[in-house]
Amino acid sequence: MDSFFSTYVLPAIIMIGQSLLLLVCLLVFIAYVLLADRKIWAAVQLRRGPNVVGPFGLFQSFADLLKFVFKEPIIPAGANKAVFLLAPLVTVLLALSTWAVVPLADGWVIANINVGILYIFAISSLEVYGIIMGGWASNSKYPFLGALRSAAQMVSYEVSIGFVIVTVLLCVGSLNLTDIVNAQHTGLGTMLGLPASFLDWHWLSLFPMFIIFFISALAETNRPPFDLPEAESELVAGFMVEYGSSPYMMFMLGEYAAVCLMCSLTTILFLGGWLPPVDIWILNWVPGIIWFMLKACFVFFMFAMVKAFVPRYRYDQLMRLGWKVFLPLSLAMVIIVAFVLKLMGWA
């Protein structure tokens, strides 16, 4: 009995506790990411942004949460009620479940599986089903058009993201996210005789793929300038136009969880994860999770700057960029990286 408890029950309890702790921390972080997005957007427009609830508006997201929770959900008369309510739940659960394999620091991961990046790629591909369900079940033309746009957009840019992952796999030889970070201890900088630093991270050696992944991440998460599925000037609010109260909040939560995931993946694949910018003793004292958070916040800041300065693409421009530019370019980079690795004997 004792062996059964120590072998099965105790690890399950520990994993559930870790999952709940990660979930709470993630939800709080998403609340402040949403606040930061609004603050940055306001600063660009020379406004103050949310500044009433709490000091400097720090509790604004929690006030919005309470507002949504206490509102009555309204279901359109011709909507499929079950699918209409299930759609936001599917979206948010899939978005949150991907975080189980994301290492926030060395050893700070719930499930350190050897196909971590493949797991994230598979689960994030399923998130479009929640959007399609919501658009179809609303029984309205604007949500349905937004859902169709989202499906086409995500399929188009997932191909490029897949080729980016292949290039990283060729360089590292593993799909484990922890191994990908540890492989960036050495790289282009150490080959030139320099100490371990940010020059060893993949952003420099795989710079074209870094740019492709960054832009594809914007399209994958429906962020501007690729927010065609919820373009306010064309589709009002897109697939969310018939949603309000808690279901709308769950859609927004799933969207920002996916944004945070893409920022974290960019950090892991190209910015060295939890590694310090320079391998010196004073920077090594800083906990790895601090470096990870700083890098992820920097990537999100770049996401917000793109939203502020780049106008929305037309739908034909969006498709052309994905299929005629990123797809052949990423495929060519896979061939070039494989050729260089084989030529130099690093494969």
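Backbone N, Cα and C define each Cβ position, glycine as well.
Look at Swiss-Prot and you will find 13-33, 50-70, 82-102, 115-135, 161-181, 198-218, 263-283, 286-306, 321-341 tagged as transmembrane segment.
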Looking only at residues six or more beyond either end of the transmembrane segment (13-33), which have a C-beta under 8 A from one in the stretch?
58, 61-62, 65, 96, 99-100, 110, 253, 256-257, 259-260, 300
Cβ-Cβ under 8 Å with the transmembrane segment (50-70): same-chain residues at least 6 beyond its ends:
31-32, 34-35, 38-39, 42, 245-246, 248-249
Folded-back contacts onto the transmembrane segment (82-102), same chain, C-beta under 8 angstroms, at least six residues removed:
19, 22-23, 26, 73, 75-76, 109-113, 116, 119-120, 123-124, 126-127, 129-131, 133-134, 136-138, 177, 242-243, 247-248, 250-251, 253-255, 257-258, 261, 264-265, 268
Tally Cβ pairs under 8 Å between the transmembrane segment (263-283) and each listed stretch (161-181, 198-218, 321-341), then give the stretch with the top tally.
198-218
In terms of Cβ proximity under 8 Å, which residues at least six beyond the ends of the transmembrane segment (286-306) contact it?
33, 36-37, 40-41, 104-106, 108, 214, 218, 223-225, 259-260, 262-264, 266-267, 271-277
Hey, which bits of the same chain come close to the transmembrane segment (198-218), Cβ under 8 Å, at least six residues off its ends?
157-158, 160-161, 163-164, 167-168, 171, 184-190, 192, 224-226, 262-263, 265-266, 269-272, 275, 277-278, 299, 302-303, 306, 321-322, 326, 329-330, 333, 337
Please report, as numbers and ranges, the same-chain residues at least 6 past the borders of the transmembrane segment (321-341) whose CB is under 8 Å from any CB of it.
153, 156-157, 159-160, 163-164, 166-167, 170-171, 206, 208-209, 212, 215-216, 219, 313, 347
